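One structure is given below, encoded as structure tokens.
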């Protein structure tokens, strides 16, 4: 189960051959963990918490819509609420953000007030006419207008019109203006309700335009995945020019500022204090200028020596575009991954809500009201449930990476593309289900181990904001940053380990070691791909966002009566970036898989008879050009030969 438990075995890379199950112990652990998640789901159902969540319950422990049992010490508990099926809050707009609940007395009523009730006499008439008592059970409707405790045991006036939420049986105000104050806590740039109303009105009036622009962003992202292989060379030159201009220009500006400040200092026109400040500025500018000069020289030298290797990035982008033409279902990976994540998150939130209503009814001595609390070992179920959120989410993302890796590996190592499986994506998914779920469980668990302490530190940092000293704040941020960097490095290694597993059908640790050795041997190529390639993809994302935002400005220009365009454009721009990021991240994964396949191919083959390359013509041209320039040494694979792939498909 550990990374050091297996013995070293010398073997050849054999793409898609000798398929076998990997990391079975981790699959069993993951199944047991899933059984624990199922127990957490069943516990609130068995204890009645799920019924309390769906039906609702009042502040005295009575579940609405059923006959209840008496709770010791709570006089108003144990009432028959068969006819009272809805939960009514006396002050529904009093929200507690910290504890995530409504700070209001809750009652079970037979009907939600559909019209606004201005006075206590209106509340009284509503109760007498409909049999729905909106004040506490110990107050008779005839005493609503004169009772001494009506300010605390009767609803806050005016009683806003409300209706029940489907499935959850809560009376929720129909006027969203009730939550204007709550919304303003998040929208800090809004200074008054009129601005908020104009912004909301602009969004509602522009909802068709917003939906159309979101669809445009989706189409542009799909187009970008195909055409980026044609514009990658242009984007590379743009990057090169921008870097050269930025580095040289920035260094020149610093030296100019140094000369200007030094000249002003030598003029002796400043006061004593001014001379001290100017002298410090001159020294700082000199240090900055020298540092910028060294950085620029090193950067230009690195770009000069890596200019040939940047060509590999362009070739990989070109081949990646071909992959999406041959495997169009790759473009659907973000859709099904997002769908799976959404379904799991909805399930997770539903179980979390039921856990919030689980446990034993406990009377609050200060208020006399009833709260449900889990006691004993059951109170730790929430933490187990939180770990499940992270691990299973990472597992779903890892499944997407393995599916992409398997499909791209099939494409790369099939010489005759006409003999590929009819649906390489589905074949890859089937292989992953049958053989490699244990590997995904182990890889995703490693990410979970790093993510959990980072999230805990982030929570501690947020809770101590304004209380801790500068040193503690700096240490916390440093730890969070280090864990974030470690998480990103492990995620990159995991992705390449999944690719090695897709090729060799080896366990996670062996695959990670093999992939790491390949990456170390090609460190400069990896650096070129991860710098130039990531920047090119970033420019692609910016292009999608810019085009979508520009189209949004043109479209919203026809609705000039709604002057607040900030929120509609912000919604469209954020959605466009997220969509472009999802799709171009798939493109980035494809490029990374292609690179590892290319590195393996170029290491174990040299193009001679019996050791022909599997690579595409674009990569072949790169190899030939590299041979001519002396940057490439073929056959550095100790004589191992890659086996030819199974014709006509691969077994699932």
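Easy rule for this one: first residue shown is 1, then count along the chain.
Glycine is no exception: its Cβ is also placed from the backbone N, Cα and C atoms.
Segment annotation: TrEMBL labels transmembrane segment over residues 24-46 (candidates 1-23, 24-46). Checking the ranges 234-258, 259-283, 484-508 against TrEMBL, the transmembrane segment annotation falls on 234-258.
Check TrEMBL against the ranges 169-188, 189-208, 209-228 and you find transmembrane segment recorded for 209-228. Long-range neighbours of the transmembrane segment (209-228) within the same chain, counting only residues 6 or more positions beyond its ends whose Cβ lies under 8 Å from a Cβ of the stretch, are 203, 235, 317, 321, 324-325, 331, 536-537, 540, 543-545, 547-548, 551-552, 555-556, 559, 568, 571-572, 575-576, 579-580, 582-584, 586-587. Counting C-beta pairs under 8 angstroms (sequence separation of 6 or more), the transmembrane segment (234-258) fails to reach the transmembrane segment (435-460), with fewer than 3 such pairs. Here the transmembrane segment (24-46) has long-range neighbours at 1, 53, 347, 351, 354-355, 357-358, 378, 381, 384-385, 388, 391-392, 395, 437-439, 441-442, 445, 508, meaning same-chain residues at least 6 beyond its ends whose C-beta is under 8 angstroms from one of its own. Within its own chain, the transmembrane segment (339-362) is flanked in space by residues 40-41, 43-45, 47, 49-50, 52-53, 57, 61, 71, 74, 77, 370-375, 378-379, 381-382, 385, 388-389, 392-393, 396-397, which lie at least six positions past its ends and keep a Cβ under 8 Å from the stretch.
Long-range contacts of the transmembrane segment (435-460) within its own chain (CB-CB distance under 8 A, at least 6 residues past either end) are made by residues 19-30, 387, 390-391, 394-395, 397-399, 402, 476, 479-480, 483-484, 486-487, 490-491, 494, 497-498, 501-502, 505, 507-508, 511.
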